[in-house]
Amino acid sequence: MSRAAAKFKIPMPVTKADFAFPSLRAFSIVVAADQQHGIGDGETIPWTVPETLAFFKDQTTLLRNKKPPTEKKRNAVVMGRKTWEVPLKFRPLKGRLNVVLSCRRPVDDLLAQLPEEKRAAAAADVVINGGLKEALHLLARPPYCSSIETAYCIGGARVYTEAMQSPCVEKLKEVYLTRVHTAPTCNRFYEFVRRRRARAAVDLESTSGVKVSDAAAHLSYEIMKYVPHNAEERQYLELIDRIMKTGLVKEDRTGVGTISLFGAQMFSLRDNQLPLLTTKRVFWRGVCEELIWFLRGETNAHVLADKDIHIWDGNGSREFLDSRGLTENKEMDLGPVYGFQWRHFGADYKGFDANYDEGVDQIKTIVETLKTNDRRLLVTAWNPCALHKMAVRPCHLLGQFYVNTQTKELSCMLYQRCCDMGLGVPFNIASYALLTILIAKATGLRPGELVHTLGTAHVYSNHVEALKEQLQRVPVAFPVLVFKKEREFLEDYESTDMEVVDYVPYPPIKMEMAV
């Protein structure tokens, strides 16, 4: 039932260059310091702990899957000129893109320091840039936005200081701080501990505990990982915690049972941010394909199943449709659900294989009226006249769009009447974030915010233990979304046209869907 005819489609303008990529690349810091936060004396690091050197090499070289770098994917290490001047035999740091910060020296000067036999190979491993801000701007754009998996800031003191100042600190994802227990002899200091109090809250995600080196005169050390406090995802986790502690235990349609509260969450979409929750991996490809399926007006669950996305299989089964009295529907025909209401509101539903050119096209109307600064920008999936024909009644049922005429930003407020906090809500947050981003692209606006208002926010009883596990995890920074390919029409986008960059979630947590 795809809206293939061009007259029904929504044209997409070419994205302006400033909108296509985040302003700066997210980055991590790797640093070793003594108990007084000293990191060196301007020339050397006054200790040698083989275990911490091995950690530095592995952390900055290996990819997130713990495998070595490849021709298509590696990490970047961003450093000042003095940090670059490690012993000559180590230059450039192998298997990594070396980004050296210098306003005066061209890259040819750095390569000239190397033995002649190393220069040709090193040319592809070394780039030079001004300051950290300029380097992060470079790494946020092609080819580096796709070829670099993680950018690491590795010093020295001036570079660390810039990293903890705006605008760079807003892109900080992680700090790997190795604390070496040794007598203080440094005159260069890393300011993370002091600046974190003044600038942004951080969470200690993990620690190795204090260990004693086997080879460094029995020096002790501790490797700690800090992450900036993710207040937006904390809203989600704190609501789950409140539901499980104070919610009302109720029976529900599925027979599983719920614990519920009647409850708004807000997520920023600025600078390409995508609120894809990090305390468990969210099935991004499923989110993306389902939203595109909605935007095409589809109601045939086979379309998703054929792409190995089975989120609608249970509701489209013969058994479930018959239980809803939809005995005339073909298997996997969900009836006039979300996509049909978005694109054909009020039309008579005749099955997923019929062609439709009637009804109100709410999505196209929103795109067209946004250009006139209209305030009546609503899309609803709740059609009382058609509820009895739907396999499931809409949970996320109303979106309102709003334009900030000063910043040219588009925001969306989603009202969701029924909120499965374990499985559905993480999906819905990402889905309506993507919807807002796509409509912003279609109208030449910047994405602003997603405000998520929850009606009955509930936890299924069979999700409680899994969510307790999730609540023990520390949320990290959200990823960003970049578009690898432009399309002429909104409905023509595919999930492969988009790339999520710097998504480093915890592993998935299995939860059964209540049907």
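Each Cβ is built from the backbone N, Cα and C atoms, and glycine gets one as well.
Binding site for substrate per Swiss-Prot: V30, Y160, T178, plus I154 from the candidate set I148, I154. Looking only at Cα atoms, V30 (substrate binding site) sits nearest to G155 among the binding-site residues G40, K82, S102, G155. In terms of Cα spacing, the binding-site residues A32, G40, E43, T161 that come within 10 Å of T178 (substrate binding site) are A32. If you take the C-beta of R158 (NADP(+) binding site) and look for same-chain residues 6 or more apart in sequence within under 8 angstroms, you find G80. Put simply, the two farthest-apart Cα atoms among V30, I154, Y160, T178, the recorded binders of substrate, are 14 Å from each other. Counting other Cβ atoms within 10 Å of each Cβ, the lowest count among the binding-site residues V30, A32, I154 belongs to V30. Annotation for the binding-site residues T161, T178: lowest Cβ count within 10 Å of the residue's own Cβ, T161. When the alpha carbons of A32 (NADP(+) binding site) and I154 (substrate binding site) are compared, the span between them is 9 angstrom.
Annotation note: R158 (NADP(+) binding site) sits in a helical segment as assigned by DSSP.
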